[in-house]
Amino acid sequence: EGNPYTWWVGKANEKHYYWGGSGPGIQKCACGIERNCTDPKYYCNCDADYKQWRKDTGMLSYKEHLPVSQIVVGDIDRPGSEAKVSVGPVRCQGDRNYWNAASFVTSSSYLHFSTFQGETSADISFYFKTSASDGVFLENLGNTDFIKLELKSATEVSFSFDVGNGPVEIVVRSPNQLNDDQWHRVNAERNVKQASLQVDQLPLEVRKAPTEGHTRLELYSQLYVGAAGGQRGFLGCIRSLRMNGVTLDLEERAKVTPGVKPGCSGHCTSYGMYCANGGKCVEKYNGYSCDCSRTAYDGPFCIKDVGAFFEEGMWLRYNFHSPGTSMKDLVSRTLLSSPDTETIEPDLNLNKEELSFSFSTTKSPCVLLYISSYTQDFMAVLVKPSGNLQIRYSLGGTKEPYNIDVDHRNMANGQPHTVNITRNGRDIVLQLDHYPPSSYSLPTASDIQFNSPKALFLGKVIEIGKIDQDIYKYNTPGFTGCLSRVQFNQIAPLKAALRPTNVSSHVHIEGELVESNCGASPLTIPPMSAATDPWHLDSASADFPYNGQAIGDGVNRNSAIIGGVIAVVIFTILCTLVFLIRYMFRHKGTYHTNEAKGAESAESADAAIMNNDPNFTETIDESKKEWLI
């Protein structure tokens with residue numbers, strides 16, 4: 001049905017469906033352009049599904065989409081089907097001088113060159129891109145003479161000089177912003193007859209020279225590119241700077257100059273992948289930033305969940321159309337595909353939707369999310385009384401809504417859960433937490449267009465007109481818990497409510513909305529596959545512990561390690577004991593005794609001491625005296 005299974009991701013994290021030899025927006029390979037594919041019914045050789053190998057190859061030459069950062073290949077589960085994908089190196093070609101560039105990252109940084117020799121004629125051209133609103137491109141001074149080119153404001157470029165007759169200034173004013181981080185060309189000329197300045201394809205501004213007076217431009221200082229004389233310097237990139245036909249080597253000079261970097265490849269080329277969850281990388285003169293406006297996330301890298309806690313009876317409504325918009329106005333507008341992030345509103349008829357959010361609750365039943373329409377079409381995500389999840393579609397063509405019941409998991413267990421729903425025509429893909437996606441299909445009698453979406457409700461449905469009976473019953477008392485990172489296509493209703501922008505006027509809240517990330521990260525552990533789960537009875541490739549050689553080897557290896565450790569401990573203890581024994585008996589040998597005289601005739605050792613010491617008798621007698629107090 002024209003929906004590709006395979007695509008590649010380029011710069012700014014955008015998906016592309018064209019292949020080598022084709023061009024942007026054309027879902028074809030080179031053979032589809034040349035009309036010589038293997039099967040004329042398809043636009044790529046590999047779509048033919050022949051048993052022989054077929055090849056699609058070619059160069060991706062649209063440089064705004066390069067480099068290739070990721071390739072996604074689908075439709076790979078069919079038996080007997082193989083595919084090989086390879087990406088070649090990035091090849092650059094063209095005039096090196098044309099891309100000779102330097103990046104000025106501080107307002108005081110500059111490059112200096114020898115004095116510009118342009119006494120009677122000056123021809124200066126270069127390209128620049130910046131996000132700053134002003135700054136000096138280049139300047140060269142004399143005693144009183146000078147020549148200067150600068151960005152005076154976000155919409156003005158100035159060329160000024162003095163040859164001795166007083167300062168002359170030519171200004172080109174652009175109807176569009178020049179600090180849009182896109183390349184703009186500047187061409188300034190001056191001769192004895194006139195001076196001119198042109199920016200991009202804007203009208204040429206010309207100033208005639210006076211018929212009398214000085215005509216020679218006498219300069220003595222060095223030529224400064226970027227900043228000079230204490231003025232605010234240029235912030236951004238300058239490339240292909242030519243002065244009187246000579247290209248200045250900005251890159252070589254930038255290699256040895258602080259505050260200036262050679263080249264201007266852009267930070268998003270190297271760091272754009274850090275803008276997560278669909279955030280868009282935006283170049284800055286000294287770095288990059290992530291634009292999270294089209295995501296349900298926040299923070300510098302679009303990874304911070306934006307969520308809120310809902311008390312009982314609280315609800316939020318996001319109106320897809322602007323307040324005061326009539327139905328006639330809606331019919332005359334195309335909304336959801338609008339590139340303007342401030343006026344993103346749904347298409348009148350949706351053939352596909354992408355819905356994602358996280359939630360946690362302990363109460364059921366309840367309405368998590370409901371999308372109403374100006375017709376009878378609706379979409380709802382509910383928690384049933386049993387705690388199971390239900391997705392309900394009513395797109396017309398059938399008497400009853402089409403229900404997807406997830407009956408084997410209790411979602412009202414207080415843990416955070418993530419829900420991702422994608423519908424493309426009749427096909428619906430549902431993914432819960434980290435579990436594998438499940439595919440469903442609308443009945444053949446069902447319409448595949450969601451007609452005239454009106455509003456998105458969170459927590460409770462407060463809508464005029466007829467409401468489905470089950471949803472009406474689940475509506476009381478309402479959702480209690482946390483909702484986080486809610487996104488419907490490019491609309492983030494919770495973020496619009498909590499981060500005031502121009503689209504905040506679309507939001508109506510009943511109750512006090514308190515920001516919280518309590519519903520942010522799913523705690524569910526992904527299940528093991530049958531092939532890797534050793535306790536799965538039907539697993540042909542996994543054995544029970546100790547039933548297979550692999551388990552036995554593991555046990556033997558562990559036992560050897562433990563035995564080695566024990567042996568080392570025992571050896572250490574034995575060495576310690578030997579050392580202690582040797583220490584205790586290190587003075588073993590002959591020795592003398594100082595026995596009391598008369599020990600030979602004494603009945604005991606105590607008697608010998610008493611017989612030998614005359615004072616001992618007195619001591620004993622004294623100690624035997626008794627005193628009565």
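Any Cβ shown, glycine's included, is placed from N, Cα and C.
TrEMBL entries are annotated by machine, without manual review.
The structure displayed is predicted, hence computed values, not measured ones.
The record in TrEMBL pairs C264 in a disulfide bond with C237, which is drawn from C237, C292, C302. On the 0 to 100 pLDDT scale, the model's mean across the domain 'EGF-like' (265-303) is 81. For C264 (disulfide bond), other Cβ atoms within 10 Å of its Cβ number 24. Cβ-based neighbour count (10 Å, all protein chains) for C237 (disulfide bond) stands at 23.
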